[in-house]
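S.K.: Annotated domain 'Amino acid transporter transmembrane' per TrEMBL: 38-438, in sequence order. Per TrEMBL, transmembrane segment is recorded for 46-67, 73-98, 119-143, 163-183, 190-211, 231-253, 265-291, 311-335, 363-380, 386-406, 418-440.
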């Protein structure tokens, strides 16, 4: 005799008000309160842009310096096409299940329904939480470093330590983390999109100015180092480019769209990739043109010559302020998966979202989440090296391997079709990239290990 799935029963009226009336599932508090389905395709574009585009683009000139002009631009273009294709595949799968009356709101829900419950519970769920929370720690660390940069710009002999700036930065997401739902971030994420365009324009303008100035560095576009180091550098460059396109929360973003959802995510992706094309390529090309193989892991470092700014201080201040503000928005958007889990475990979906019963655990747990993330960022200022390893093992599988596998299992394209073999090729190539990226990350950790100290002032 068939048994009823407790996760899929008739919706109550509060759930219908949240825009998920076409799904037959009983929503838990995490889906009901955090993943409210009230947004438009334009809002999804804001969320996508904030989750993908960030200060990581400052490393693009460095990635090109490891690869050279032609390979670097080719890989950047190819990765953009693969990423758009991969994210659209996820959206198509989600649309398909929504039309069947079983809308999936989370990555682990997709994996559970297609691959089985263990994949969602023991692999995708924990992996996604680890990647997203790692991104939170990384953003808080970058925010502290950006604050320190501004401080030293105007006070070169200042004595304040990095952990103090990290703590100061962490107080902002501590308050913004209390914003109740993902959908509530739509206006903040619109501001994030505008900030990305602003600081990208600053980087491009600064690079062109320095490249044409009397103090312009020699423009050498050859690959530095021995043959062995060049190969490792090329692998590292490919890994950097691949992970800058990472997201990890595509299903959760699509969950914020009001039904019917079909085709809306594609429009949101077009908005996002319009921003990606205009920022990634402009920063990469202008930065590499100006600094060649002297490009640093962050192009902001190239704007300083032995602690002497090559650009007006007000210009560097403005660029860093734009960056700081956008880092806050990225921190908050990557808190959403942990917020959703907290609500699922500790909130009562039968009571009002803003009742004392639900507000108190939300306030405590979200605050603790940010406080712990800030503490870890201050303790491990070398977290970027660790995050690169997590990126290889987490971002690439979630964003470039699983979508191909899930699509082939859901729609079962013919083995003689281009779609089947294209998906298989991307999955296999991405798997190889995981291995190569992991090796490059471990090598970098070993090289940098001598500088690792708790609460180091780097």
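Start at 1 and count along the chain as shown; that gives each residue its number.
Even glycines carry a Cβ here, placed using N, Cα and C.
Walk me through the surroundings of each of these features.
M.R.: Note on the transmembrane segment (46-67): residues 39, 73, 75-76, 87, 139, 142, 146, 182, 185-186, 189-190, 192-193, 196, 199-200, 203, 207, 223-224, 233-234, 236-238, 240-241, 243-250, 253, 256, 268-269, 271-272, 275-276, 279-280, 283-284, 286-288, 290-300, 302, 323, 326-327, 329-330, 333-334 of its chain, located 6 or more positions outside it, place their CB under 8 angstroms from a CB of the stretch.
Through the fold, the transmembrane segment (73-98) approaches residues 22-23, 48, 60, 63-64, 67, 104, 110, 113-114, 237-238, 241-242, 245, 247, 250-251, 254, 259-263, 265-266, 269, 273, 276-277, 280-281, 284-285, 399-400, 403-404, 406-407, 410-411, 423, 426 of its own chain, all at least 6 residues removed from its boundaries and within a Cβ separation under 8 Å.
Using a Cβ-Cβ cut-off under 8 Å and counting only residues 6 or more beyond its ends in the same chain, the transmembrane segment (119-143) has close neighbours at 54-55, 107-112, 165-166, 169-170, 173, 246, 248-249, 324, 327-328, 330-331, 334-338, 341, 369-370, 373-374, 376-377, 380-381, 383-384, 386-387, 390-391, 393-395, 397-398, 402.
Residues of the same chain lying 6 or more positions beyond the ends of the transmembrane segment (163-183) and with a Cβ under 8 Å from any Cβ of it are 33-39, 43, 47, 136, 140-141, 143-148, 151, 252-253, 255-256, 324, 327-328, 331-333, 335-336, 339, 353-354, 362-363, 366-367, 369-371, 373-374, 377-379, 381, 455, 457.
Packing against the transmembrane segment (231-253) from elsewhere in the chain are residues 35, 44, 47-48, 51-52, 56-57, 59-60, 62-67, 71-72, 75-76, 79-80, 83, 87, 90-91, 94, 104-107, 109-110, 128, 131-132, 135, 182, 223-225, 265, 268, 276, 280, 333-334, 336-337, 340, 388, 391-392, 394-396, 398-400, 430, 433, 436-437, 439-441, 443-444: each is 6 or more residues past its ends and has a CB under 8 Å from a CB in it.
Within its own chain, the transmembrane segment (265-291) is flanked in space by residues 41-49, 52-53, 57-58, 60-61, 63-65, 69, 72-73, 76, 80, 84, 87-88, 91, 94-95, 193, 196-197, 200, 203-204, 207-208, 210-211, 216-217, 219, 221, 244-245, 253-254, 257, 299, 302, which lie at least six positions past its ends and keep a Cβ under 8 Å from the stretch.
Long-range contacts of the transmembrane segment (311-335) within the same chain: residues 47, 50-51, 54-55, 132-133, 135-136, 139-140, 142-143, 146-147, 149-150, 153-154, 169, 172-173, 176-177, 179, 182, 185, 188-189, 191-192, 195-196, 198-199, 202-203, 206, 209-210, 249, 300, 303, 366, 369-370, each at least 6 residues beyond the stretch ends and with a Cβ under 8 Å from a Cβ of the stretch.
Nonlocal intrachain contacts for the transmembrane segment (363-380), taken as residues 6+ away from its ends with a CB within less than 8 angstroms of a stretch CB, comprise 133, 136-138, 140-141, 144, 162-163, 166-167, 169-170, 173-174, 177-178, 335, 338-339, 342, 346, 386, 454-455.
Sequence-distant contacts of the transmembrane segment (418-440) (same chain, at least 6 residues past either end, Cβ-Cβ under 8 Å): 82, 85-86, 89, 232, 235-236, 238-239, 242-243, 388-389, 391-393, 396-397, 400-401, 404-405, 407-408.
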S.K.: With Cβ-Cβ distances below 8 Å as the criterion, list the same-chain residues six or more beyond the ends of the transmembrane segment (190-211) that contact it, or say none.
M.R.: 45-46, 49-50, 53-55, 57-58, 61, 217, 219, 275, 278-279, 282-283, 286-287, 289-291, 299, 302-303, 310-311, 315, 318-319, 322-323, 325-326, 329-330
S.K.: Six or more residues out from either end of the transmembrane segment (386-406), which same-chain residues have a Cβ under 8 Å from its Cβ atoms?
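M.R.: Tertiary neighbours of the transmembrane segment (386-406) are 82-83, 86-87, 89-90, 93, 107, 110-111, 114-115, 124, 127-128, 130-131, 134-135, 137-138, 239, 242-243, 245-248, 250, 380, 423-424, 426-427, 430-431, 433-434, 437-438, 440-442, 444-445.
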